[in-house]
Amino acid sequence: METSQGWLVACVLAVTLVWTVAEDVCRAPNGKDGVAGIPGRPGRPGLKGERGEPGAAGIRTGIRGLKGDMGESGPPGKPGNVGFPGPTGPLGNSGPQGLKGVKGNPGNIRDQPRPAFSAIRQNPPTYGNVVVFDKVLTNQENPYQNRTGHFICAVPGFYYFTFQVISKWDLCLSIVSSSRGQPRNSLGFCDTNSKGLFQVLAGGTVLQLQRGDEVWIEKDPAKGRIYQGTEADSIFSGFLIFPSA
């Protein structure tokens, strides 16, 4: 320690001496820089700088984290537009049988239509090939027209028609029916008579008729001679069996 202090004192004296001598002589030109001194001690920490600009995004991202817990349900949204109708589904199974209905009131046969007629030939008019039965015996609800020989249906349903006609000759008759706008239908009956005796030709049928349909008896022009007298009568009858549903 004492050696260092002595060395420092010697240096100070030498510098002073040189300075004094230098004042007495002419100034010499500047010399070259000396050797760099020993680095000084670190200074005190400076003040905190301002915040820098955000850096560019990194090239690689981190590992994807685990799925988080489900959040709370949001409020209901507004109703959407009505969609197009879907395709028709398959036919469902039959449902159980319903309960038995209440028994209805008893029907009154007096309130039901009961068309029926019977007519015989007495003094019939000539009406082509139509066989006219001019004398009416029964004509319930007036379905039979004795001037034309036609039955006109007013109550749709199933009817029975029959005839018994007297003749001494060969005879062919038909029960003819006709619907409005439809071709007529006929059902023929024939009988031969070689002895010239009274003989009955009979026929009958059941027909389903609609309102406005007509039924009559028609003769064959070549075999249509009917007995006309007081000894026997020819008759044409018909009636409703039951109405259509």
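Here the Cβ of each residue, glycine as well, is placed from N, Cα and C on the backbone.
Going by Swiss-Prot, these are the annotated features:
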type: DOMAIN; residues: 31-109; note: domain 'Collagen-like'
type: MOD_RES; residues: P39; note: 4-hydroxyproline
type: MOD_RES; residues: P45; note: 4-hydroxyproline
type: MOD_RES; residues: K48; note: 5-hydroxylysine
type: CARBOHYD; residues: K48; note: O-linked glycosylation site
type: MOD_RES; residues: P54; note: 4-hydroxyproline
type: MOD_RES; residues: K67; note: 5-hydroxylysine
type: CARBOHYD; residues: K67; note: O-linked glycosylation site
type: MOD_RES; residues: P79; note: 4-hydroxyproline
type: MOD_RES; residues: P85; note: 4-hydroxyproline
type: MOD_RES; residues: K100; note: 5-hydroxylysine
type: CARBOHYD; residues: K100; note: O-linked glycosylation site
type: CARBOHYD; residues: N146; note: N-linked glycosylation site
type: DISULFID; residues: C172-C190; note: disulfide bond
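Shown here: features listed in Swiss-Prot, placed on the structure.
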residue: P39; record: 4-hydroxyproline; Cβ neighbours (10 Å): 6
residue: P45; record: 4-hydroxyproline; Cβ neighbours (10 Å): 6
residue: K48; record: 5-hydroxylysine; Cβ neighbours (10 Å): 6
residue: P54; record: 4-hydroxyproline; Cβ neighbours (10 Å): 6
residue: K67; record: 5-hydroxylysine; Cβ neighbours (10 Å): 6
residue: P79; record: 4-hydroxyproline; Cβ neighbours (10 Å): 6
residue: P85; record: 4-hydroxyproline; Cβ neighbours (10 Å): 6
residue: K100; record: 5-hydroxylysine; Cβ neighbours (10 Å): 6
residue: C172; record: disulfide bond; Cβ neighbours (10 Å): 17
residue: C190; record: disulfide bond; Cβ neighbours (10 Å): 13
Top Cα neighbour of K48 (5-hydroxylysine) in the set of recorded positions P79, P85, K100, C172, C190: P79
Between P45 (4-hydroxyproline) and C172 (disulfide bond): CA-CA distance (Å): 147
C-alpha spacing of P39 (4-hydroxyproline) relative to P79 (4-hydroxyproline), in angstrom: 81
Mean of the pLDDT scores, which run from 0 to 100, over the domain 'Collagen-like' (31-109): 82
Residue counts (helix, strand, coil, in that order) that DSSP gives for the domain 'Collagen-like' (31-109): 1 helix, 0 strand, 78 coil
Nearest-integer angstrom distance between the alpha carbons (Cα) of P85 (4-hydroxyproline) and K100 (5-hydroxylysine): 37
Where C190 (disulfide bond) sits in the secondary structure, as DSSP reduces it to three classes: strand
Assigned conformation of N146 (N-linked glycosylation site) - DSSP reduced to three states: coil
Sequence-distant neighbours of the residue listed as 'N-linked glycosylation site' in its chain (C-beta under 8 A, six or more apart): A119, V132, F133, D134, K135, V136, N139
Spatial neighbour of C190 (disulfide bond) that is closest, considering only the modified residues P39, P45, P54, K67, K100 and their CA atoms: K100
